[in-house]
Structure formats: structure tokens, C-alpha cells
């Protein structure tokens, strides 16, 4: 835990939407009188018909969650149509291509017209309200158009990250019963071209239910087009009208399905609905990022993940924001790319993942200092806890000690940000997600099921629902209940552990399955990893537990070294001693393996399941590795594995 406290600068207290006193007042109302609070905040969007009741939800029994009952609205209308009168000529999306120099600025009116055209295309393909549409596109404007078009006509989009394998795509098409697939000839990722149509063809062969495949001509690569099934996006849209009336949707009608990894390795299709989701993403985007008219906002996530859904498209566009879509990667053509984009587009708000921060930190300060970044006033992180060392580098080097950092905790299932600083209200502690957002009631539960009061550590749960909470797992409500509502009855079980300090701040300690029990002592992997990364020789670390005859479990650490350091037995001993001194003897790694890389998904998350299997020598059952960014990393880990199981 970091002892540093960064107080809110006076200018932020004055300019922000929310200072500490207002946060306390709004938060208290949101939990003590949620009907009044959410009834007021729901007016930030336009309703075709008003809702009759704010909420009717229960975490017990069959688990039934409903918000803004009987209200009628359309998400695409709220992201586009209602802005046309005042913002029609304002930029909605800045597209920054993979190659420097490739860019496009799309106004709200242009985006509206493109969405209407493609809505009509979908209708001409027989898509109706409630139908599922699979989208397998790179980070190009057509991805935003496709998802908004689905929302406009009441279809349910299922976006599959464009780095996923044909098998992963086929599984998601089959599970959601999609008869329409939208893809591109190729995607671009740094110097590589990714054959999306090729992968889509293989997936369609496996899934066997896709009737129409709409293909964006992105790179111009020569790809096979199956007569009667495959259709070119540009040819279809050219024929259609720029007007398409929005479908009136019930507040609880589905908006999208997004697949997330399950503990069993089987993906879960998390279902989000319409009214509560758009109210909550709009509210969180405004307050967490302190978004004001005219700000240039950039979330670096891929829309294939929930962060991209909520904080590249839906939240920002509902607020009439300028949002950036970036096709490329942080290190192409060099490690200054992110900061060059910040300068080029005068970005004010920058939101990225801790794994990106650590990767850029590994390259030193020069790629950052080669740019000015004077426009940037707020930084954010999302996806996993950020270790204090990376937080401090981000604050000192990228933000030049003038930019607050909003370290946000939330999940695919929560729909929007849950625990977070508000930049004008919250003193910051590096590594802490700090305090709950409006309407969020976190609690800590011990292993006996008792709710902890005051400072403590336990399972992180939520005591009541919020508007953006997922409603079910598509086609499997029993799995929804068993995953999130059985472990601690009457609460939403996040699957994460957390610590609450004496100031009421929350520190996410990692997934529950990332807790190691060494000789009866429960240790969060995040704490040990942060300790290792605090050593100058360590660029990145991942820690897992493995069976031990005496201790029950012992610690196996995988360490990636910073440039200028070489693996050695001396360094291995030094790092083990470093952790021992920092946390205590109980946290000393039993095994420490040096590695050039860690196994990560294409969204940058470490696949700890793989690391546990390697540590325990369970090499014949590694499970699904289709989401790995670089499968060769696993081979290297196995080759250099240190015999650990006792």
C-alpha cells in the first residue's frame, strides 16, 4: 500500500463538476433515496415515453433486475439524433488510423447519416428487433456505425474482438444464434495485416448459421466472396437512404451481448439492456472524466471489450462528446505514438490500461518527453489494479505532476465504472481505486460470510443493484445466478478481493482465485507483484500459487526484466530478499522464473490460468489459448519452467 496522498488541486476543486462536499451530498442521496436520485439523473437522456418506476430489483430468489420500468427510448437516438440541432457540425469521432497521417473527423450529422444508411442495410437483410448481429471488425469507423445501427433498429449486437480466433468467433456466433456477420477484408495492427475475412470464413464454416456476411473493404486485400452470402459494405450502403426512424425500445429490451471469460473456460454472453445502461454510462463518463463541452477525450481500449462499448461509444456520444478511435498499437511506428496523438489532436482526457503504462514505462522517459502533452489535463486507468510504481511514473512523467489519475474499477458485468476517484473531489492514493461512484454500495465479506465494518480485507460485493448491471447470461440465467449471486446471498459477488483502509478507500487485491494461501496466510497476488515491480530490475511480474506439501500453497513468480538487466542466480536471490523485506517472510517467492514475456490476451490481461498450469506442471491441459496475443510465449515458459511442485 502506498503511503503517498495527492490532494485535490484548488483549481480542480473549482472547475470540476463535483468537489468533495458535492460528492458526499450526491452519494448520500444516491444510496438513501435512490428513486429521487436516479429519477433526476435519468433526465439526462431523452425518453419517448416516461418510466413509471425507477427500479424493481432483487438479488435473491430468481434474481430479477429492472430499471426505469415501462420507459421507452432508443440509444442511437440519444447518441445521435438529439444532438443534430446544436452539434450537427461538431466532430463526434476522430478516427486515427494505424499509419500516422491516416485520420478522419466524422461530425454528428455525418455519423447519423452513416448509421441510418447501415440501419437500412440491416433491414434489407431481414434483420428485425431482437435479432442478434455478430460484429468482427477492427477499430475503424464502420465498427461504431454498425453497433449504433443495431441499436437504432432494435437488433442486439455481439461484438467479437478482431484478434480472436475463428474458433472463438464461431463459438460466439453459435451461442448468440447470429445469422448476420459483419467483418472486414483485413485489420491492421502495427506492421501486420490480420486476415479477418479469412478467419470469418472459417468461423462461418464451423458455425453454419450465418446467412449474410457484410464485408468492409478496408485494406483492399483480395478476399474470397461467397455468392449469395457475402456482400460488400460500400455497395450496400450506397443504395440506402440517410433516414431511418429509430425503433422505440423498452428500457429493459436488450442492447448488446458481450462475451467474457468464465472460470470454466467457457465464454459467458453477458447481456446488457437499454435504459439503465445508457443513463449510467452517460453519468459516469461526465463525472469520472470531468467531461465538459469541447474536451477531446481518448480511451485507448478496443471496442471489442466493454471499456470500448461504454467509454468510446455509448457514454461519450450520449454526452455529445468528441471521442477518439485509434486503430493502431502503442509502439508503432515507435513508443511515442500515444503521446504524438495526444499532441496532434490536443487530447484533454486520456484513459488506458495499466499494462500499457507498464510497457511504456519499460522504455524509459524519452519517448514521452519527446512530446509536449500540454493539452492533457486528466489521466485514467482501467482493466486491472495499477501498481503504485507505475501510477507514480504515469503521474510524474506523462502527467508532469499536474494531471489527476482516475484509477477505475469495474467489470464487463457492471456495465460502467463502479469504484473510482472523481478528479475534483478525491484525494488520490497510488494503487487505490478510492471510493464508490454514485449509487454503488460496496461491502467486504469474510470467508465465513460476515460483512466487515471499518478497515479490513475480504470479498468485494455490492449490496444493491445499479442501472447498468447486466441482467443475465444470454440463454443461461441459471449460470448468471450461480456465478454472481449464490456465494454471498443477497449481494452481487464481484469475484474480486479488496482491502478497505481507515479512510474508506478501496484497494483491489485481485481476483479471488488470485489469492494464495501460504501456511494459512492469505496473500493477494497484486501485492506481491507490486513489490517485485518496485525493484528497478523488474519491468513486469506475475505471481501464482502452486501446491506445497508443507505450506499448502507456495509462491511461483514470473519476472520480466527491465532493459539493461540480465537473468542471474544473484538477481533471483536479490529479488526474493527484496519481497521478503518489503512484505514479510511469508510472501517470499518459493520459485522465481525469468521470462522475456508473459502470456497475455489481446486486451493486455495476463492469463494466470496458463501460469498456474505451467507452475504446477499440468502441461497436458492448458485449456483454450485462442485469445493469447502470442502463443509462442507459452512454449518459452514451459521450456524454462523450474520444477516447483512438492
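Any Cβ shown, glycine's included, is placed from N, Cα and C.
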Hey, Swiss-Prot has CoA bound by 189, 190, 191, 192, 307, 519, 580. Any idea which of 171, 319, 331 it lists too? 331
Between residue 190 (CoA binding site) and residue 410 (ATP binding site), how many Å separate their Cα atoms? 29
Alpha-carbon distance [residue 383 (ATP binding site); residue 191 (CoA binding site)] in Å: 26
Per residue, counting other C-beta atoms within 10 angstroms of the C-beta, which of the binding-site residues 192, 535 reaches the highest number? 535
For the recorded Mg(2+) site formed by 533, 535, 538, which further same-chain residues have Cβ atoms within 8 Å of the site's Cβ center? 389, 531, 532, 534, 536, 537, 539, 541, 559, 562, 575, 578
By CA distance, which of the recorded positions (192, 331, 533, 538, 605) lies nearest to residue 412 (ATP binding site)? 605
Using a Cβ cut-off under 8 Å and a sequence separation of 6 or more, which residues in the same chain sit near residue 383 (ATP binding site)? 301, 307, 353, 354, 355, 603, 604, 605
Span of the CoA site, taken as the largest CA to CA distance across 189, 190, 191, 192, 307, 331, 519, 580 (Å, rounded to a whole number): 48
